[in-house]
Amino acid sequence: MNSVRARAERISAWLERSDVDVVAVQETKCRDDQFPAEVFTGLGYEVAHHGLSQWNGVAIASRVGLEDVQIGFPEQPGWGEPAAAEARAIGATCGGVRIWSLYVPNGRDVEDQHYLYKLQWLDRLRAAGASWLAEDPGAQIALCGDWNVAPQDDDVWDMAEFEGKTHVTKPERDAFQAVVDTGFADVVRPYAPGPGTYTFWDYKGLSFPKRKGMRIDFVLASPALAARVGDARIDREERKGKGASDHAPVIVDFG
DNA sequence: ATGGTCGTAAAACGA
């Protein structure tokens with residue numbers, strides 16, 4: 001969302017009209033002591049946030065219960081010197097569904113160490129997901145968030161513009177697909193097919209009005225949860241107007 | 001035009 005504090009009023013308005021039970025947000029850009037919980041609690045949501053600095057930051061808000069909050073996933077890789085886990089993952093059980101709010105590292109550049117960090121992060125997430133399903137094949141798990149990967153060519157406005165860039169490389173796409181192959185399905189794409197269907201538009205260069213977007217935000221659902229999906233959509237309208245995030249909300253109806 | 005737009009935090013840095 002690129003700052004929860006800068007977008008407090010838009011978030012409130014969106015929650016009021018969207019009528020969602022659970023919301024997973026990424027890039028709150030604040031520490032826990034700076035987090036404006038009242039944006040969510042004021043509308044009847046419980047909320048759990050994990051933020052360590054002005055970077056990253058993830059949260060889950062729910063009005064159907066919020067239990068067993070977990071900061072980070074097992075074996076989540078760290079960043080920096082010395083390597084430390086960043087505020088990129090938070091899990092909670094809401095109405096019987098295990099929700100994960102995930103902010104996959106950007107990768108920055110294919111030559112950057114951050115790119116290797118991104119690939120390792122995705123691989124460790126895959127391993128964690130596989131272990132959860134091995135433990136309980138009937139588990140209802142939703143892996144929600146900014147994956148910073150455009151899995152298909154149609155998920156960017158022009159592949160030629162992404163020559164040699166992150167988000168579309170084979171290793172990134174393979175790492176994303178490995179999570180899918182573990183049993184987590186993209187439950188939105190069937191209801192919001194491409195081409196030209198995106199979840200993110202850069203602030204720079206009037207990319208939104210020019211329809212130069214990327215589909216990089218996904219809800220991946222375990223088999224038991226995917227079976228419940230009745231509808232899904234990308235709320236492109238929320239990208240419009242003053243003070244919009246550069247990402248649009250992705251909404252799934254689990255019946 | 002080696003930028004372009006944001007947010008954080010107070011100069012760059014990250015996206």
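A Cβ is built for glycine as well, from the same backbone N, Cα and C atoms used for every other residue.
In TrEMBL, annotation is done automatically, which means it is predicted and not curated.
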### Query
Which one, A:Glu9, A:Glu16, A:Glu27, is listed by TrEMBL in the same Mg(2+) site as A:Asp146, A:Asn148, A:Asp246, A:His247?
A:Glu27
### Query
With TrEMBL as the source, which of A:151-171, A:193-213, A:235-255 is set down as region 'Disordered'?
A:235-255
### Residue with minimal Cβ packing [other Cβ atoms within 10 Å] among the recorded positions A:Tyr103, A:Asp217, A:His247
A:Asp217
#### Entry: Structural state of A:Asp217 (site 'Important for catalytic activity'), classified by DSSP into three states
strand
